[in-house]
Structures are given as structure tokens and as C-alpha cells.
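K.L.:
Okay, handing you the structure first.
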Amino acid sequence: MNKGRVTQIMGPVVDVKFDGGKLPEIYNALTVKQSNENGASINLTFEVALHLGDDTVRTVAMSSTDGLVRGTEVEDTGKAISVPVGDVTLGRVFNVLGDAIDLDGDVPADVRRDPIHRQAPAFEELSTKVEILETGIKVVDLLAPYIKGGKIGLFGGAGVGKTVLIQELINNIAQEHGGISVFAGVGERTREGNDLYHEMSDSGVIKKTAMVFGQMNEPPGARQRVALTGLTMAEHFRDEQGQDVLLFIDNIFRFTQAGSEVSALLGRMPSAVGYQPTLATEMGQLQERITSTNKGSITSIQAVYVPADDYTDPAPATTFAHLDATTNLERRLTQMGIYPAVDPLASTSRALSPEIVGEEHYEVARQVQQTLQRYKELQDIIAILGMDELSEEDKLVVHRARRIQFFLSQNFHVAEQFTGQKGSYVPVKNTVSGFKEILEGKYDDLPEDAFRLVGSIEEVIENAKKMMA
């Protein structure tokens, strides 16, 4: 076994010298297993990042280096970090190294483990079929539909509802489609991960989900690699079992952020806004593995934190290039009490074309967007001169646009304990017919508040009856 010694420790970055002259390869895992002077055991894994010359490698630690000292013996495992894959991962919670961190005991030693670094599928293996994934969330299904095997970004600043939307999607897809999900918590709050685990356990969804966490309090090495751990588990379900898998990453920005921290510690020159020079490469290596093949698909839904709501920041801008659909969350809508706060004009999808969604769906979606766009243009006039100065035609546009805006909101299953209202799953055909009828003026006489936080158009009629009673 190839052994070396720690020569330098800079927080999460550790230099190791191998005297035999046989250096471990880049991405190899090195381990330390011993106790320090206080009797506390040190059990650490490092990943080789650079060969410095002089028989020394620079590595990144996957957990805290507290208690580590120079001269500590390090062992080269001879392979990359590998994690458990297959049905054994379902219903369990893991860390970046594939160790179980729930209370259900360790994973059996003989279980299959795959390395977290691997090549993207070959070009000829990729599937070109385009199929819509129904989410049951009206604003998404109507205006920015998700593609099976596609990549979807949920963009938004702090506290606009990205994680709640992800939780609802996990719930809807498990309940309605019975699919397998892998959830990778990348650099987010431990409390949210804990809440999500307990909610999923209560609803029974956890049986179909594998969860991997590298939270905010962990070193950058773990936060940078945990997305690859989750992706490796998802790839096994796709390639070996032919499944259609959902991969949730919350939050992809923290992946970039961790990469930036590691890059600075490794001594690389920073590029724009202080990000790592390898930003586009690292993002590409992750995203290119998330795809549909002839065997199965991985549909990935990624929350993207937008620093200071600035979409031109290199981190969200680099992520944009890889996405098939974007769901933009807007703080202005949360202030109006419209949840989910999805911006119907800024959200996009490659799938919103008549060849994919059908002529009727496409026409209704475009009319909804035109009505909302016209309302947006009229808002300045209304603010200065008031509604009375508008033409009759424009008054009607405003009247319908407000109903459409409220009808795009919806009550979520995962928010039942906050709202006290039952969550709703709305099939696409009901969504399209509901908006078509609003555009035709069928519900012009109903009060606009009846359209708030409802599922189907039938609920609107019921609400209106209660209000008018």
C-alpha cells in the first residue's frame, strides 16, 4: 500500500509527500485513520487535486481537518471516492463519501460501489426523444413545461421559495408517477434537509428517494463533490435498471461557490468576480453526465441561488447555458401573496412549441403571456392616471390579466401546515382548459379573490359561491 506523510495543512487543503516516488493519480482518495494525542479518532478522506513536484501532492479534505498534524501517515486507496449504488440507497441519507448518516445503521460492506468521477455517456448512446414531464403545477405545465430527461433551473434570490417548489415536485412526482428520486443537498441549511427528510418520511415518499447531503457547515471539498455523489447514484438507476430518475440539486450555486473556495486555496488565479478560472469546465463535467440515454433518463431540477438578484453574475450565467427550461421566481410576486412566485413572462422552456405540447396548449400559453405582458405595459398608465383613463379594451385586458395572475398561484401539499389549505395536483389538460375559459371571458363576473391559491377552475367557482353567499 502506497503511504505518505502530511507536510502542510491550510484549512481544508492538505499537502502530502510520498517518499517512494510513486504518486497517487489525480482524483484518487487518500485516507487517514488514527487517533490524536487526546485519544480522539481522526478518520479523514482527501482527494488529490494537484501534483506539486518534489514527490508532493496537494489534496482537498472531505471533512474537517481539526486535530490533524504534520507528519501524520496517509494511505493511498488507489482509486477515486466511491459510493454505494442500487436499491440499498433508497430511503437512506448519505454524506459525500457514501457513509449512511441516518439512524438505520451502516450500508452492508459487500454492496456495489461506483466511483464518483466518470465520463459522460457517449454521443451515440444519447436519446433524442422529447417528452413532457407533467408536474401538476399549473404555472410550470402551462408556460414553461419540463422535458423528461432535461435540465431545469429554478432561479431566485434568497427566500422566494426555491426549496418549497423542489419539495412539491418531489412529492407530486413520487405520488403521481411513482418514480425514483435522488436529492442532493449541496451547501444548504441543515434545518431544511432535516425538515425535508421528516416530511418525506411522513408522506412515505422517502421509500423511493435516496438523499445525499453536504451542508453549509461542511468544508468546501464536501460541498463541491456531493453533487457528483448524488449523480453517481442516479446514473446507476438509469444505466443498470433502465429507470427514469429525478435528480434534485439544491443548490447548484453552492457547488460553484465551493469550487471557488477550493480554487483559491489551491493557489489558482481567480477570474471574473473572484470565481475560479475553471468554472465553465467544472459545470460542464457535472451537467454533461445528466442526460437521457437509450436505457433511461435523468431529469434534473436544480435550484439556482442568484446572488443579489443579479442574473449576469458568472455563476447563474454559466448554469443558464446548460438548461432546457428555466423557472424564474420573483420577489415582487411573493409580496403580492402569489405562490409559487413564478414569473410567467421570464420563465422559459424549449418544449413550449406546438410540435411538442400541441396546438391548443401553445395558443393558450401564448395568449396568457400576451395578456400579462399588456397588463405590465399598462401598469405605469394606471399608476399615474388611474383605471378610468384606459380604453374599454384595455380595461378588459387588466380585468382578465388579474384573474390569470391569481389563477397561476396554487396551494401546495408541502405547505399545508402553513396555509391550512389542502394541496392540489392539476393535470395539464385541466390547466389548459381552465386558462382557455378565463381568456374567453367565461368567468369575468367572478370576484378576482376567488382565483387565489386554488387548483382547478371548479375550486374557483366554489370559492366565488362562498364569497357571494
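Note that Cβ sites are derived from N, Cα and C of the backbone, with glycine treated the same way.
According to Swiss-Prot, the record shows the following:
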BINDING   G156, G157, A158, G159, V160, G161, K162, T163  ATP binding site
K.L.:
Look at each of the binding-site residues, G156, G157, G159, G161, and point out the one with the fewest other Cβ atoms around it within 10 Å.
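P.N.:
Counting other Cβ atoms within 10 Å of each of the binding-site residues G156, G157, G159, G161, the minimum falls on G159.
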K.L.:
Through the lens of DSSP with three states only, how would you label G156 (ATP binding site)?
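P.N.:
DSSP call for G156 (ATP binding site): strand.
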K.L.:
Taking the Cβ of V160 (ATP binding site) as reference, which residues of that chain separated by at least 6 in sequence fall under 8 Å from it?
P.N.:
L329, E330, R331, T334, A341
K.L.:
Among all protein chains shown, how many Cβ atoms are found within 10 Å of the Cβ of A158 (ATP binding site), not counting that one?
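P.N.:
Taking all protein chains shown, A158 (ATP binding site) has 11 Cβ neighbours within 10 Å.
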K.L.:
Out of K162, T163, which of these binding-site residues shows the lowest number of other CB atoms within 10 Å of its CB?
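P.N.:
Selected from the binding-site residues K162, T163 on minimum Cβ neighbours within 10 Å: T163.
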K.L.:
Can you give me the residues near the recorded ATP site, meaning same chain, not G156, G157, A158, G159, V160, G161, K162, T163 themselves, Cβ no more than 8 Å from the center of the site's Cβ atoms?
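P.N.:
For the ATP site the neighbour list reads Y305, L329.
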K.L.:
Look up G161 (ATP binding site) in the DSSP assignment and report helix, strand or coil.
P.N.:
coil
